[in-house]
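Colleague: Got a structure for you, written out below as structure tokens; questions coming shortly.
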Amino acid sequence: MDHYDSQQTNDYMQPEEDWDRDLLLDPAWEKQQRKTFTAWCNSHLRKAGTQIENIEEDFRDGLKLMLLLEVISGERLAKPERGKMRVHKISNVNKALDFIASKGVKLVSIGAEEIVDGNVKMTLGMIWTIILRFAIQDISVEETSAKEGLLLWCQRKTAPYKNVNIQNFHISWKDGLGFCALIHRHRPELIDYGKLRKDDPLTNLNTAFDVAERYLDIPKMLDAEDIVGTARPDEKAIMTYVSSFYHAFSGAQKAETAANRICKVLAVNQENEQLMEDYEKLASDLLEWIRRTIPWLENRVPENTMQAMQQKLEDFRDYRRLHKPPKVQEKCQLEINFNTLQTKLRLSNRPAFMPSEGRMVSDINNAWGCLEQAEKGYEEWLLNEIRRLERLDHLAEKFRQKASIHEAWTDGKEAMLRQKDYETATLSEIKALLKKHEAFESDLAAHQDRVEQIAAIAQELNELDYYDSPSVNARCQKICDQWDNLGALTQKRREALERTEKLLETIDQLYLEYAKRAAPFNNWMEGAMEDLQDTFIVHTIEEIQGLTTAHEQFKATLPDADKERLAILGIHNEVSKIVQTYHVNMAGTNPYTTITPQEINGKWDHVRQLVPRRDQALTEEHSRQQHNERLRKQFGAQANVIGPWIQTKMEEIGRISIEMHGTLEDQLSHLRQYEKSIVNYKPKIDQLEGDHQLIQEALIFDNKHTNYTMEHIRVGWEQLLTTIARTINEVENQILTRDAKGISQEQMNEFRASFNHFDRDHSGTLGPEEFKACLISLGYDIGNDPQGEAEFARIMSIVDPNRLGVVTFQAFIDFMSRETADTDTADQVMASFKILAGDKNYITGDELRRELPPDQAEYCIARMAPYAGPDSVPGALDYMSFSTALYGESDL
């Protein structure tokens, strides 16, 4: 432990040897402690009207030391010695040290003699002990004390500030932002924290120290330059300075707490006063509303009409629904506020609230009772009055409804009975009108009761002195007069309808006879017109001859048809006589048919006109069919020659391609002669095309004189040209293969014989099984075992690379020539490259350009891969992989 430490402060004191070493190693700390401790002492001594200048000199006599302890403790010490001798000074210092010890601080190695002798280290240690005991030890924050408590307080206060991170009492304060943050947290008006910069510690420190000295009564205990110029400021100096801030702000906190307590008491009192004012106003408003409402509810003046009484009832319902509920809520809230106010006053030891006279809760309840009593009587009166008017209005409404129904029923009835629609009606319409009139008479009888009821209700309303009786009487009289008139018109109309019915029944029988005979005759004429105008489509002479015969048969029926026409017109003329004789107004037409005599005559004339037109059309079509028949015969004669000729040539070419007569050159010469003869036949094809064009223009679609169509001829001709060209090409390729591979004519004939032998369908190709049998016949050992199947699959991939499933004769020749001839191999090419390379495993570009033509040398250089062997040189190329790639044994 430090020689001036105590047991109570062992958690924040350094060991003595560390204290000594610190003072010796860092004189800057001693300077900081001198200045800080001196300023701290003077901040208390000035209260006694004195101060110190030199801390180790001014405390030597013990007088100012005792005075300092009295100021900071508030207690009186023993009377000091006033002598100037050393013994007097030691006595005074001991009195001070004894007082410190009496406060529970156990001093170690601090003696009065060292203080009297001006020992700086001991003097600073003693002052630090005093600071710890009287300025820091009592600091407590959340169960932490002394140093930790002070540090926690600093961290709490500076937490919201950027660039401030208080972790200790030395380097955390070097930039000055910590001091500024403490001041701004408690007195934000003193410092504009937003303008401070972390990289300007001198300004920050001087700002904090100057503001603290000027406004917070905290003396300047350190120089900003000393803190900034020290790698680690003295912890005790910083703690002393910070503790001054703590005590300065803790006093302000106490004042704030006292002010808050006063504000709280005043707020409670103001709230109670506001509640009293609210109660008085609410009570006054509610009583005023009750006084205004009661006279309205006591008004019992009745209204003459139901509408007016219903409006009063609606107003009363609005009062119940809209106006009263808020007042009920106000009354309830008034009682709640009164009880709440009395409770708050009682809890806060205030006297009970006494409302103004007439505004007590009981006064309001009495007024409310009067309101509800008036309300109940008003509602009963309204309902009784409404029921009374309702009975009278019901009777009047019943009259109006019955009168309206009767008037609606009679509306248009007089006009209907006066109309003379029967004069232009048909018999069926007359019968319908009679049925309708009978129904009306039944309806008229049924309405007799309603008319009597209307008169009875009107009489009752007169007896009850209904206010609108004059209008009721006038309406009733009008209904009775109209009713008598309807009866007279009804009888008159019945007589007219029955007279007209008898006259029209005779005419109806004639109309029916006319309709029965006119309809089939009209259908016959329409069918005849359709047949005569029908657009016929024929393709043979036989068809046109059949149409001509049918037309002649139709013309033979025309005289009988004309007789039927005249008979039908006679019936219509008889009807016309009856109409003229009895002056019947025939506004309508024949109800049984829409066919008029004019229509019959018009259609008959049309039929007579269409007959010669049909004769001419049939004659022209007969001539056209004769011409078409000549075209058919001409085309058929040529097609029956050309078709077989093409088929014969196809067979001959196929036979030449598989026969083995003569050499390949002889076969090629023979085929070229065939090709020439085929080309010379082209004019006959063109002539046939011309005949086919004429047939198409004549719209001829079939030809019984030949089985060949132009499409068949075209396809056959194109196949013939393609076949001769392909066959010539195959023979030319066989000649090239023979010459390139050195195959003799005998070998070629043998290959052809083998191929033809197994080409049993003469298709010119071999299937896989046919090809396999052919290879076996030529001596290839291809069995059905896995090895044989693999070998055959390899051969098929050579002869059928596109996997078409067939082997042509050319592919067969190529395969057989490779199998029998001496061909180049990859090994031979590699051996040649090795010679050019001077027996090396690689070759260079210069060697290739020297030995090969330029284009072939560049081709090899572009495609050869770089050589990667151990004997490689720059620019070496791999001719071995290139050689195998040429024969498909690897990739280029």
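Glycine is treated like the rest: Cβ placed from N, Cα and C.
Straight from Swiss-Prot, here's the annotation block:
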MOD_RES   Met1  N-acetylmethionine
MOD_RES   Ser6  phosphoserine
MOD_RES   Tyr12  phosphotyrosine
DOMAIN    31-135  domain 'Calponin-homology (CH) 1'
MOD_RES   Lys95  N6-acetyllysine
DOMAIN    144-250  domain 'Calponin-homology (CH) 2'
MOD_RES   Lys195  N6-acetyllysine
REPEAT    274-384  repeat 'Spectrin 1'
REPEAT    394-499  repeat 'Spectrin 2'
MOD_RES   Ser471  phosphoserine
MOD_RES   Lys676  N6-acetyllysine
MOD_RES   Ser677  phosphoserine
DOMAIN    746-781  domain 'EF-hand 1'
BINDING   Asp759, Asp761, Ser763, Thr765, Glu770  Ca(2+) binding site
DOMAIN    787-822  domain 'EF-hand 2'
MOD_RES   Ser890  phosphoserine
Colleague: What does the structure give for the C-alpha distance between Asp759 (Ca(2+) binding site) and Lys195 (N6-acetyllysine)? Integer Å is fine.
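Modeller: Roughly 107 Å, rounded to the nearest whole number.
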Colleague: Which of these modified residues is closest to Ser763 (Ca(2+) binding site) if you go by CA atoms: Lys95, Lys195, Ser471?
Modeller: Lys195
Colleague: Taking just the CA atoms, what is the gap between Lys95 (N6-acetyllysine) and Lys676 (N6-acetyllysine) in Å?
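Modeller: Cα to Cα, Lys95 (N6-acetyllysine) and Lys676 (N6-acetyllysine) are separated by 153 Å.
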Colleague: Which chain neighbours of the Ca(2+) site, leaving out Asp759, Asp761, Ser763, Thr765, Glu770, have a Cβ atom within 8 Å of the mean position of the site's Cβ atoms?
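Modeller: Filtered neighbour residues, in order: Phe758, Arg760, His762, Gly764, Leu766, Gly767, Val806.
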Colleague: How many whole Å apart are the CA atoms of Thr765 (Ca(2+) binding site) and Lys676 (N6-acetyllysine)?
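Modeller: Per the Cα atoms, Thr765 (Ca(2+) binding site) and Lys676 (N6-acetyllysine) stand 26 Å apart.
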Colleague: Using a 10 Å cut-off on Cβ-Cβ distances across all protein chains shown, tell me which of the modified residues (Lys95, Lys195, Lys676) has the largest neighbour count.
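Modeller: Neighbour-count leader: Lys95.
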Colleague: Is Thr765 (Ca(2+) binding site) helix, strand or coil when read with DSSP?
Modeller: strand
Colleague: Hey, does DSSP put Asp759 (Ca(2+) binding site) in a helix, a strand, or just coil?
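Modeller: Looking at the DSSP assignment, Asp759 (Ca(2+) binding site) belongs to neither helix nor strand, so coil.
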Colleague: Give the distance between the Cα atoms of Asp761 (Ca(2+) binding site) and Ser471 (phosphoserine), rounded to the nearest whole Å.
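Modeller: Here the two Cα atoms are 119 Å apart.
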Colleague: In whole Å, note down how far the CA of Lys676 (N6-acetyllysine) lies from the CA of Lys195 (N6-acetyllysine).
Modeller: 111
